[in-house]
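Enquirer: Just lifted these from TrEMBL, have a look:
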TRANSMEM  18-36  transmembrane segment
TRANSMEM  43-61  transmembrane segment
TRANSMEM  96-114  transmembrane segment
TRANSMEM  153-172  transmembrane segment
TRANSMEM  241-261  transmembrane segment
TRANSMEM  295-315  transmembrane segment
TRANSMEM  321-342  transmembrane segment
TRANSMEM  358-382  transmembrane segment
TRANSMEM  414-435  transmembrane segment
TRANSMEM  447-466  transmembrane segment
TRANSMEM  486-508  transmembrane segment
Amino acid sequence: MLPTFVANNWHIESTKQVILYIVSIILYIISFIHLYKKGSSEYVAYIFVFILNILTPFIWLSSYRDIIFNNFGNFSHMYDNGKGNLGNILMQYRSWGIYITLFLLFLSMLFVLMKNEDVRRMLKMNKDDENMREGKVNLDTLNKTTEQNDKSILAILVTIIVTIWSLVGHTFSLPTENDYGVSFFENILYIQESYLQKDNTGFIRNIRWLLTLPKLFIQTIETKWMYQMDRIRTTPLVKSFSFYCITFIVMFFGPFVRIPIRPHRYKIMDRFNIINMESPFPQKFERNIHSFRDFSMFILCCLISAILAIIMYVFGKFTNIPKGILQFLTTAFVVIIFASMFSKKFEILPDSASVKSLIFFFLSIVFGLLGTPVILGILQIFTETGIFELPIKAFSEMLGKPISYARTLNVGSLLNVLFILIFLFLTFFIFGFGTKNNWVSNDNGKAMTMFNVILVCMALSLYVGVSTSYPISTLLYSMIKNSMEVVLIFIAPLALIILAIVQFIFAFKNHEKYKRFGDIEKNSKSFT
């Protein structure tokens, strides 16, 4: 069956090109591993990445340009077959973002190679000098600014390469005009089915097929899992809750928690030995407080912006204000929120204690989101026994919709009201309880580590519990795919150019700092 499936979807003539495509990705991964190790192979690894950056675009560039021109046109020749100008503009925006980034990346890596050679000469000179320290086998300059720039250059390099390959893969996997419900943007960004039937599109068809394998694998596993779950003859709620409890116990006492032989001899928290999990505030937290502050401020701004967007959406439902004006106002407010809060970040989060408290509040929100469905499930189980029948009938009569059968929480807006109330209660209860008991302090790191364990177990248990009745894996895959698609279409091309410019600046500064050692060696050779 599998050979037949492959034969029907695989273009044999393009196999070599696909192999080169996959091997290039593997070589990049190996190179990045050696670069992050910063060992004796760092010098050679940068040269290897430089060569890869020059050669690998030729594997996919011809097919990429062909698919863009034949389906979206270019600036002087646009196709208006349902996509209009928007599809063309978005793809040109993507293409030029990739081209400009590749050019800047070439220059940056060239400066990096020259800087590495100058550093190698500097270390060689220091090694030859008896009064200097012994030379090292890597490119460590012991200069804080240089090393920080090198870390930024490497991080940006990995980000750029991953993003470019993601953009190329997304372009090859765009839906056709016959595909429905597979993308948010299928009406403006799609490939003509007739184009894919051409003989020169074998490489594109193979990459498209490979990129469908993850979803196909998830759907196959999920179908078999759902089939086994359907054989359990009980209500979906009882089934989900049972698997939730089993998974929580197995995960809690399996990978994460160990109990000593005589637990009664220890204090409550000392009765549990936590493994395979660390506190959200590790020892490096104080050293990297600026990064944690920026990340916390970004999450806070996103949270406030999301609340604002919901308010504006609800406001638009009850007013006659045009949708375009509301979107403009929302965007303007979001920009103001980010700009004002980041400008005041040292006043909002002056020290590490305030940053820890904010992070703990975010974790409390996650706890509320994970715990609310469980509480609702327990309430629903009791509701089905008739315990809450009178309060539910009273609530429905208050809404003017009396009912005779009240053994479900799904009555009017009752479920939504309960969800909000339970979520707020769990969030602020755990935040207040943890703050009162000083969980975020370094002396109580075990409490926060245990809280992390509980969050992970709750998330995994909720996933398993819901998967017994709903295709949650496919839903999560679609959510992640759609989120990535939004980023790749609108944000990634511009972000690539910005990152490439920043990388170029760092690489040029490092090169300027150490090029004098290369000049010294050249002058010494010319003198001799």
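Backbone N, Cα and C define each Cβ position, glycine as well.
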Enquirer: Any chance you could find the range in 241-261, 358-382, 486-508 with the most Cβ pairs under 8 Å to the transmembrane segment (447-466)?
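Expert: Most Cβ pairs under 8 Å with the transmembrane segment (447-466) come from 241-261.
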Enquirer: In the same chain, who gets a Cβ under 8 Å from the transmembrane segment (153-172) while lying at least 6 residues past its ends?
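Expert: For the transmembrane segment (153-172), the far contacts come to 25, 28, 32, 35-36, 49, 53, 60, 63-64, 67-68, 91, 94, 97-98, 101-102, 105, 108-109, 112, 204, 207-208, 211, 484-485, 488, 492-493, 495-496, 499-500, 502-503, 506-507, 510.
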Enquirer: Using Cβ atoms and a strict cutoff of less than 8 Å, what residues sit near the transmembrane segment (486-508) while being 6 or more residues removed from its termini?
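Expert: 90, 93-94, 96-98, 100-101, 104-105, 107-109, 111-112, 115, 149, 152-153, 156-157, 159-160, 163-164, 166-167, 170, 184-185, 189.
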Enquirer: So which of 43-61, 96-114, 241-261 is most in touch with the transmembrane segment (18-36), counting Cβ pairs under 8 Å?
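Expert: The stretch with the most contacts is 43-61.
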Enquirer: Can you name the far-off residues of the same chain, 6+ from the ends of the transmembrane segment (96-114), with a Cβ under 8 Å from a Cβ of it?
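Expert: Beyond its ends, the transmembrane segment (96-114) has Cβ neighbours at 46-47, 49-50, 53-54, 57, 153, 157, 160, 164, 167-168, 492-494, 496-497, 499-501, 503-504, 506-508, 510-511, 515, 518.
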